[in-house]
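Noted in TrEMBL for the protein shown:
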- 33-55: transmembrane segment (TRANSMEM)
- 37-502: domain 'Major facilitator superfamily (MFS) profile' (DOMAIN)
- 75-95: transmembrane segment (TRANSMEM)
- 102-120: transmembrane segment (TRANSMEM)
- 126-148: transmembrane segment (TRANSMEM)
- 160-180: transmembrane segment (TRANSMEM)
- 192-210: transmembrane segment (TRANSMEM)
- 321-341: transmembrane segment (TRANSMEM)
- 361-379: transmembrane segment (TRANSMEM)
- 386-405: transmembrane segment (TRANSMEM)
- 411-434: transmembrane segment (TRANSMEM)
- 446-466: transmembrane segment (TRANSMEM)
- 478-496: transmembrane segment (TRANSMEM)
Amino acid sequence: MYASREDIGYDFGDDSKVRSKPVKPNPNIDGGWAWMIVLSSFLVHILIMGSQMALGILNMEWLEEFNQSRGLTAWVSSLSMGITLIVGPFIGLFISMCGCRTTAIIGGVLNALGWILSAYAANVHYLFLTFGVTAGIGSGMVYLPAVVMVGQYFQKRRALAQGLSTTGTGFGAFLMTALLKYLCTEFGWRNAMFIQGAISLNLCVCGALMRPLSPKDLREKYVVRSDSEENRAKALSHSTETVKSNGVLGEEPDKKEEAANAEVLGSVQHVEIGGKSGSGRSMYGLRLFKTVSQLTVTVRKGFALWYSSYFGAASLFTNRVFVAFVIWALFAYSSFVIPFIHLPEIVKQYNLSRQDNVFPLTSIIAIVHIFGKVILGIISDLPCISTWNVFLMANFTLVTCILTLPLMQTYVGLAVVCALIGFSSGYFSLMPVVTEDLVGTKHLANAYGIIICANGISALFGPPFAGWIYDITQKYDFSFYIAGLLYMVGIIFLLIQPCIQKKQPREKSTEEAQV
C-alpha cells in the first residue's frame, strides 16, 4: 500500500535536486527553536480548536436564550468551525505574501474581536456574523500558520511534532468545556464570551513566536530530505516518467519570476544610486519607491505561487491521490464534530445528565484524543510502519464508532464508544504529514489549505444537518448513520486511487517492453 509520495510517483520539484556536498543542518531543524514552534502550535490548538470542541455548552445556552430550532442554532457553531477551515486556501495566499507570523497575529485580533462582539448578540443571526464569520476567519488565520510552521521546522520527527502540537485540541476541549461551564454558571453566557475573547488575545503572542526560517535554512532542509530519500528514489525509477506525464510544479517559472523581480529591484537601486546627489526630499521619495517596489515584488511572488498551485497547468489537482484525499476530507470531519455539538442534547434525552455532569462524554473524547494523537504519531515515525496505513486504520475505527454510537443508550456504553472516537480521531495529527508526503514542504501551505477547506465544508453542513434530521424524526440516530455512510464513501476513495496510481506505471512499462 501507499508509503510516501515517491511510491505513487509524484514529485513537485521542491526536493528534486540532490547535492553531493555535505550540508551542516540548521540546529533549529528538529531541535532548538523548533520546540518553541510546537509550543506555539499547541497553544493555538487549545485556544481555537479546543474552544470550538466545547461549543456544545454555548449551543444549549443559545437554544434557551433565543428559542430557535436546533437546526438553525447549530449553524452558529458550524459557521465558526467551517469558516475556520474553509478560508484555508485564501489564508495560504496571505502566508505566501505576508508570512506565517504576521498572518497569525492579525488572525488573533480578529478572533478575539469576534468573541467580544458576540457577547452583545440580540439574536441568532447576529451571532452568524460576529461569531461565525468574524471569529471564524480569525481562527483560520491563526490555525493554518500554526500547522505549516511545524512542518517547516521538522523533518525527521514530523509526525511526533504534529502529534504533540495538535494534542492541544484534546487539552483545549477538556479545559474549555470546564471553563465555559463555570463561566456560564457564574457570569452568564454573554460575560463568558467576553472573557473568552480576552483570553483569545493570547493568540497574538503565539503568532509572535512563529519565527520564520530563512530561505537558506529551508534549502538545507530540502537537501537533507533529498539525501535521506536517495536510496528509495533509486528503486523508484518509474516516478520520473509518471511526473512528466502528470505535470510538475517545476522550477522554471520560479526562476523567471525571480529574474523579473531582480530586474525591478535592480532598476530601483540604480535610480537610487544615481539620485544620491539630489535633495533630501528626492531621496525620501526614492526610498519610498524602493519600499513599494519590494512590497510589490513580494506580493507578485506570493500570488504567483498561490495561483500556480491552484489554477496552473501543473496544479495540485493533477495529483489524483491528492484529489481523492480532498474528497475524503469533504465527508470526514462532520463525523467528528457532530458528537461534540449534539452529545449534550443526547445525554439529556437519555436522562444521563447526572453521570455526565460528573465526567462529561465530550471530556472523555478530548482526553483520549490527546493520547491518540501522540501514540499514532510515535507509531507513524517508526521506520517499518507506513503513515498511510496507520491513517487508514484510524479512519476505519472512527467510522465504525460513529455507526455504533446511536446503539448505545447507557452511560458506560457511550463512554466506551466516545473513548474509541477520541483515540481514532488522533489521525488528525497525521494529516499534515500525509499531505506533505503527497506534495512536498514547498506546497504544504496551499495543499493543506485545500484539505482543511474541504474539512470546513464538512463541518459547516454536518451539525445543522444533524439538527435538521432531529427536528424531523425527534432522534439523532439517522444523523449518525448517514454521516457514517458518507464517511465510508470518502475512505473508499482513499483506498481506490493509490491502487490505480501504482498500477499505471506497471502497465506503461509493459507496453514499452512490447514496443
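One-based numbering along the chain as shown.
For all residues, glycine too, the Cβ spot is worked out from N, Cα and C.
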Any residues 6+ beyond the ends of the transmembrane segment (321-341) with a Cβ under 8 Å from its own?
2, 8, 10, 52-56, 59, 74, 77-78, 81, 85, 173, 361-362, 365, 395, 398-399, 402, 405, 418, 421, 425, 434-435, 438-439, 447, 450-452, 454-459, 461-463, 465-466, 479-480, 483-484, 486-487, 489-491, 493-494, 496-498, 501
Count the CB pairs under 8 A between the transmembrane segment (160-180) and each of 33-55, 75-95, 102-120, 192-210, 478-496, then give me the winner.
33-55
With pairs 6 or more apart in sequence, are the transmembrane segment (33-55) and the transmembrane segment (386-405) linked by at least 3 Cβ pairs under 8 Å?
no
Per the 3+ Cβ pairs under 8 Å rule, pairs at least 6 apart in sequence, do the transmembrane segment (75-95) and the transmembrane segment (446-466) touch?
yes
Is it true that the transmembrane segment (411-434) and the transmembrane segment (361-379) have 3 or more Cβ pairs under 8 Å, skipping pairs fewer than 6 apart in sequence?
yes
Chain residues outside the transmembrane segment (361-379) and at least six past its termini with a C-beta under 8 angstroms from it:
50, 53-54, 56, 159-164, 166-167, 169-174, 177-178, 339-340, 343-344, 347, 385, 390, 394, 414-415, 418-430
Under a criterion of three or more Cβ pairs within a distance under 8 Å and sequence separation of at least 6, are the transmembrane segment (446-466) and the transmembrane segment (386-405) in contact?
no
Excluding the flanking five residues on each side, which residues at least 6 beyond the ends of the transmembrane segment (192-210) place their CB within less than 8 Å of a CB in that stretch?
36-37, 39-41, 43-44, 47-48, 51, 58, 100-105, 107-109, 111-116, 118-119, 131, 138, 142, 145-146, 149, 179-180, 183-184
